[in-house]
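Pulled from TrEMBL, these are the features on record:
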type     : residues : note
SIGNAL   : 1-27     : signal peptide
DOMAIN   : 33-105   : domain 'Inhibitor I9'
DOMAIN   : 128-609  : domain 'Peptidase S8/S53'
ACT_SITE : Asp137   : active site, charge relay system
ACT_SITE : His217   : active site, charge relay system
DOMAIN   : 380-465  : domain 'PA'
ACT_SITE : Ser550   : active site, charge relay system
DOMAIN   : 664-768  : domain 'Subtilisin-like protease fibronectin type-III'
Amino acid sequence: MASLLLLTHFLCFTFTAIIPIFSPVSAEPAAKTYIFRVDSFSKPAIFPTHYHWYSSEFTEPVNILHVYDNVFHGFSASLSPSQAASILQHPSILAAFEDRRRQLHTTRSPQFLGLRNQKGLWSESDYGSDVIVGVLDTGIWPERRSFSDLNLGPVPTHWKGVCQTGDKFTAKNCNRKIIGARFFSKGHEAAPGFGGIGGGGINDTVEFKSPRDADGHGTHTASTAAGRHAFRASMSGYASGIAKGVAPKARLAVYKVCWKNSGCFDSDILAAFDAAVSDGVDVISISIGGGDGISSPYYLDPIAIGAYGAVSRGVFVSSSAGNDGPNGMSVTNLAPWLTTVGAGTIDRNFPAEVILGNGRKLSGISLYAGKPLNGKMYAVVYPGKSGVLSASLCMENSLDPHLVRGKIVICDRGSNPRVAKGLVVNKAGGVGMILANGVSNGEGLVGDAHLIPTCAVGANEGDAIKSYIASNPTASATINFHGTVIGVKPAPVVASFSGRGPNGLNPEILKPDLIAPGVNILAAWTDAVGPTGLDLDNRKAEFNILSGTSMACPHVSGAAALLKSAHPDWSPAAIRSAMMTTASLVDNRLQPMTDEATGKPATPYDYGAGHLNLDLALDPGLVYDLANEDYVSFLCAIEYGPKTIQVITKSPVNCPMKKPLPENLNYPSIAALFSTAARGVSSKTFFRTVTNVGDTNAEYRVKIEAPKGVRVSVKPDKLVFSEKVRKLSYYVTITVDSKNLVLNDSGAVFGSLSWIDGKHVVRSPIVVTQMSPL
């Protein structure tokens, strides 16, 4: 594998003939799946289709899995390493990469985003009724009320897709709401060790070989983006209210690319992008990412490649920022044509509390809905005091029944699923669980539908309980549950797990772009598994409460559907700009947003441009627009060669003789990087262009909030628009003096630049940092 990756890396940078590096061995290694980017202009006219060409061109029979025609030209195939090496030598092959496994990034939120029934974006867009949202996920449970087509009009005329049938999924499962559904399993089935027992297939004891959702994640994200708005909902009494997605009348196209217990494979994801664009979707929602903390360069990342193909055809793509926060540089899905979404809290919570025998009360959270403890005190123990890690984590078979029987058990968070720890405690005879965060999780809490009485607490509370136990041999405790609380302050708060900047590939582009609700979100659920997703959980739930940037991403997908419906002529970049420049920086106390992990004020590395605010995004005043050639210029600027760029763009490109600057991509944020080697005063100048989408005759003046120790100047400082002048450009010069620049804990300082006309505030974050030269 290492040899092949080296070969692929060499090919993508040089595109010269491949040197055979596979030495003869007695047994050919097992086949793997490879994705090949082909120069489509090389196809001989004699072949009617690319499939015929690919099938006939290569000397050895090729087991083709997918042929890509829309967002990507090429194919995926299951091959031995020697077959892959042979194909790589063909002159029409631009690049190849091995199939990788990806992970999922796992009611009241529409109001929290500023949506109102009688006016604003909902009414202006007719709730998104003419827009199609494509969801790449685990499929859908179509019988849910969230997917009713009652009183919906005809299917939009630009829809060209299909309703693919399969296991327990018929044509009748599609309607005027779920207008199309497909599933993609060939990459999954070809991957050794995945699919079924022994790998290589779909395990039909836990999965459906169809668009039907056996996992729940896809049903949840689809209903978050576009669930209907008509009925009361809750999860076992928690989060009771009227069920509604962000774009309640938007149509859904379902693309099942992820499979229960085995993730999502690049070759299938790319095939879904290809189909979605051909089908006619307007928005793509993809809550999937690498999950390994490492971001591949764009030309080796099928999500980035597929998204470019979609965005280049006018499709807005929303993606999740990943759940590896609060560590810095943990944000994923970094391509500048993607809208990358982090997670924040909403003003609803599910409080629980631990009451210790000494009378002390410690706050936490729980979605436990079973028989309560009714104030009865129980002995409380911490198995981790023995120093055995597996016992502290309450791993399977790690607890001594003699130690925990009849007691409340403290379990540390990590390694195994949070709810699974409770089952381990129960199996050993425990009566309840206190789930304690470690230092890495800090005070960030998420609700879980626990099967035994459980309260999750932050790291500080966990330490306090452990200290109480250590100093008191007769330590006791009980757990109280307080249901649902609305109007929690502060909110939003940046979720501790949300992926953080800076951008690990190109720090000149600030990522994440913004945050949206992603903590304790109520949405529809599958009947195939209980709300915990555990095999032993036999409960049925129409709705479930989940947390993750997976939940934040479809909020932005639904928002994009509303904006697309209200402004059909807006490009994906214009829609993103409208969200970013109107995003909120304050919580419901009107104080700066805080970081859940630290309790300190959050920064653009945490929330990007801010928290989604749809009350303002409908009318942003000005937008920062981008076209395909702008992204090509950016790829030239980061020193991708023409052939490497063609891997992403499909079409051949020529980079200009004078290399562009990556920071001059017309993005709604500004990130200024200065070398740590520079001494004295240094300056950088940035170029931006704004398009007026507000009142025809408008005059904007600049307002600068310079980062501490930084000088910022803007020329011109006034922009005057008219019927003939819709676009205007300006320069921003950022100057630092190394003697006065004091960076904060995240290695940067932050400010902003806003254009104000008395009605609109068009705000862009400014990030200034220093980096060591290569």
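Just so you know, glycine gets a Cβ as well, placed from its N, Cα and C.
No curator has checked TrEMBL annotations; they are predicted automatically.
Small disclaimer: the values here were computed from a predicted structure and weren't measured.
Shown are the active-site residues His217, Ser550; of these, the residue with the fewest other Cβ atoms within 10 Å is His217. Residue counts for the domain 'Inhibitor I9' (33-105) under DSSP, helix first, then strand, then coil, are 19 helix, 28 strand, 26 coil. Taking the domain 'Peptidase S8/S53' (128-609) as a whole, pLDDT averages 91 in the prediction.
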